[in-house]
Amino acid sequence: MALRGLFTKGAPTVASGLGPFASAGGSGTRWQGLCHARGLKVAALPDLEYDYGALEPAISGEIMRLHHQKHHKAYVSNYNDALEKLDAAMAKGDVPAVVRLQSAIKFNGGGSNSVVVRFFLPSEFVVPVTIVGHINHTIFWKNLKPVNEGGGEPPHATLGWAIDTDFGSLEALVQKMNAEGAALQGSGWVWLALDKERKKLLVETTANQDPLVTKGANLVPLLGIDVWEHAYYLQYKNVKPDYLKNIWNVMNWKYASEVYDSEIA
């Protein structure tokens, strides 16, 4: 999936300078070229390709509605708000505010649509701003599909063969992801990832809304399961293993296979 498609065109452009800091001291001073930033775009809440109740009984319609309309929407709104504040802070030359806002942008946005804000101080100070909640959830919706539309049908061809090679069987992979998801303390995600460099499948977990890329620059998410309580608690209460067991009944392996094939081509 092209992640840049998750962000709208025509978005406010992040200021290319930091106002008074950009010219302070004149040309050739430590402030010259104080900030270089690009790539941040306004996010938009994606429509789902199925009705909220279409994944029942694996995931209830009430959970899907709240998860999409409340939680994911909040990530989008908070990310866009932080982006607007970042633009204003950069225009004013408010370096502390720029640094402070990076956490909100990372947590609510996410993924590979990234920007590096580069400050030229006495020693170069690089602030990475990887814009996560939005992209993680957008991948999650793609990973799900109603049973009557093929949800839960096991992968075949190249991805199926790769799973057998790297895990022994699909059942072994599911058991591994369920065990690691159940053992994850607090909130986070469990991923089936492709290491593009090694051409190998891996299972990884990430905390909170951290993107998979934090576990390796070569990792591509094929499947991601949200193990935050808001993804299951209304239906499964504190029995997270039951949620992890049942979500495979609506897993969209066709999508995962398409991503895998495009990445190894």
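Quick reminder: no glycine exception, Cβ is built from N, Cα and C everywhere.
A TrEMBL annotation is a machine prediction, not a hand-curated record.
Summarising the annotation, TrEMBL assigns Mn(2+) binding site to His67, His137, Asp226, His230. The domain 'Manganese/iron superoxide dismutase N-terminal' feature in TrEMBL is assigned to 45-112. Annotation source TrEMBL lists domain 'Manganese/iron superoxide dismutase C-terminal' at 157-258.
In this structure, the binding-site residues His67, His137, His230 were compared by how many other Cβ atoms lie within 10 Å of their Cβ, and the smallest count belongs to His230. Summed and averaged per residue, pLDDT over the domain 'Manganese/iron superoxide dismutase C-terminal' (157-258) gives 95. Excluding His67, His137, Asp226, His230, which define the Mn(2+) site, the same chain contributes His68, His71, His72, Phe140, Trp228, Ala231 within 8 Å (Cβ to the Cβ centroid), listed in sequence order. In the domain 'Manganese/iron superoxide dismutase C-terminal' (157-258), the DSSP tally of helix, strand and coil residues is 53 helix, 25 strand, 24 coil. Applying an 8 A CB threshold to same-chain residues 6+ apart, the list for Asp226 (Mn(2+) binding site) reads His67, Asn136, His137, Phe140, Trp189.
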